[in-house]
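Features of the protein shown, as given by TrEMBL:
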- 455-535: domain 'STAS' (DOMAIN)
- 22-43: transmembrane segment (TRANSMEM)
- 55-77: transmembrane segment (TRANSMEM)
- 97-121: transmembrane segment (TRANSMEM)
- 214-238: transmembrane segment (TRANSMEM)
- 284-305: transmembrane segment (TRANSMEM)
- 317-336: transmembrane segment (TRANSMEM)
- 356-376: transmembrane segment (TRANSMEM)
- 383-404: transmembrane segment (TRANSMEM)
- 416-442: transmembrane segment (TRANSMEM)
Amino acid sequence: PRCPGVRTKLPVLGWLPRYSGAWLQLDLVAGLTVGLTVVPQALAYAEVAGLPLEYGLYSSFMGCFVYCFLGTAKDVTLGPTAIMSLLVSSYAFHEPVYAVLLAFLSGCIQLAMGLLHLGFLLDFISCPVIKGFTSAASVTIGFSQVKNILGLQGIPRQFFLQLYEMLRRIGETRAGDAVLGLACLAALAGLRAMKSRLPQAAPAAPLAARISHLIVWTSATARNALVVLFAGLVAYSFQAMGSQPLTLTGSIPQGLPAFRLPRFSMAAPNGTIPFQSMVEDMGVGLAVVPLMGLLETIAIAKAFASQNDYRIDPNQELLAIGFANILGSFVSSYPITGSFGRTAVNAQSGVCTPAGGLVTGALVLLSLAYLTSLFYYIPKAALAAVIISAVLPMFDAGIFRTLWRVKRLDLVPLCVTFLLCFWEVQYGIVAGVLVSGILLLYSIARPPVKVSEGDALLVQPGSSLHFPAVEHLRDTVCSRALAASPPRSIILDCCHISSIDYTVVVGLAELQRDLRRHGRSLVFCGLQDPVLQVLLAAELEGFQHFPSREEAERCGGAELGGSGAAPLTSETSLLPA
């Protein structure tokens, strides 16, 4: 079945009246499949965020429920992700109180952006910056889990200190953790490869073949849960025999989190940290976390909407993710966003509506209520393998080669973001955006200007003119016009110019005066209506405009003003002399 996009402010009303039994069956299967993926990932991502593991589960159900009612993309699932966990690690200082407050404040910012229709701000984060950040994040997150694969304790979290300390203490590796971690990595890689090469089961195939296909597909799709379960059984077997060569997750509090407001202050050994100080401590994180959360969610929603031929409303997505973070903070969630991996599982499982998220959320709640005692036996090396397997595809080595072929200048923001993210995530993102902005401003300030010589000197700017570009245009025209021999008139072909501002009008008036002093004349042609109206309103002295280049060239050959087509003119000027 195909689910249409929703256009109401409460998108659930768009599909709920037409909900069918066939949709229910597919949503149940998809919800269970995603649930088997999210539980082990939630435990692992809490480790990345530097929080107690139960906070990963606390962050995994509210987004599913909220998105069911407010989301516009049937495939998207909200919850903890590797990138958001890395950001929380940087800005919450491994304190649950900071992490929950960060979720609340991020949700408020995202909700305000949705209400004010400010989603266009995300367009200023260019693709090279995003690729640089995600690639650096994949290396940082993956490398941070190597210590758990090796069974090392007390390793610092800063990337370069981490690298130094692990190399220094490589001799302390615990053999049990290393063997199990590598085995889990190999199993996850094998199951991933098996799924990518699994052919579609033909409807006319024998029952045994279809059952076999279902078993293999389910095992490969739920590979995280399968590997963690296997590792837990191995750890439990060692515990029962009286020896334990593995580092275990340990006790996780059982039960559902309390529904309450996030705390706006925190007790400290030397007093209480007030709300204002907590906000100051988070600093630029209050901008980076909401923006990256929105960017991930909208990018994922757009990608899957285009694949499945339905439309999303970006501002409605902002509202959904904002409400999810605000309400999530009431159940001790840290900031969440759309998960590409789990969204892909959802789509491949045949989900029909966002109702599949209800099943996923319910499975997480059941795990919190009844299964946390079993999580004690999950080896940390197995969770580390789950994380490494999840973030490995985020590293896009091909982007460097692609940008080298397409536009080498885009390698600058990519490399700046990639390298600085190893120092501090916020520095990498901010520096990448600044470099992209500088390159954008430079292209606006120095638009391409084509100059052709004939009976008249034809000058054709390649894009719209804005105030940083007017001096460049004046210098180009004056240098070519004054060097031309014999002296010729100048035709400014404005066919590519769709808008100008007042500074440009002043610059054009000065250009006319400069040329007139040297015995040259300037005429305009091909003006689009908005630009023509601006120039007529400014009443440039001696302003002449021809509808087409050919008419302007005929008049240029006749010294502009003799025979030929009659131009539009303006004899007086309201501009400063």
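Glycine is no exception: its Cβ is also placed from the backbone N, Cα and C atoms.
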Applying the under-8 angstroms CB criterion, which one of 22-43, 55-77, 284-305, 383-404, 416-442 scores highest with the transmembrane segment (317-336)?
55-77
Quick check on the domain 'STAS' (455-535): DSSP residue counts for helix, strand, coil, in that order please.
40 helix, 13 strand, 28 coil
Spatial neighbours of the transmembrane segment (356-376) far in sequence, C-beta under 8 Å, 6+ residues away
26-28, 30-32, 34-36, 38-39, 42-43, 53-54, 57-58, 60-65, 67-68, 71, 74, 77-78, 232, 248-257, 346, 349
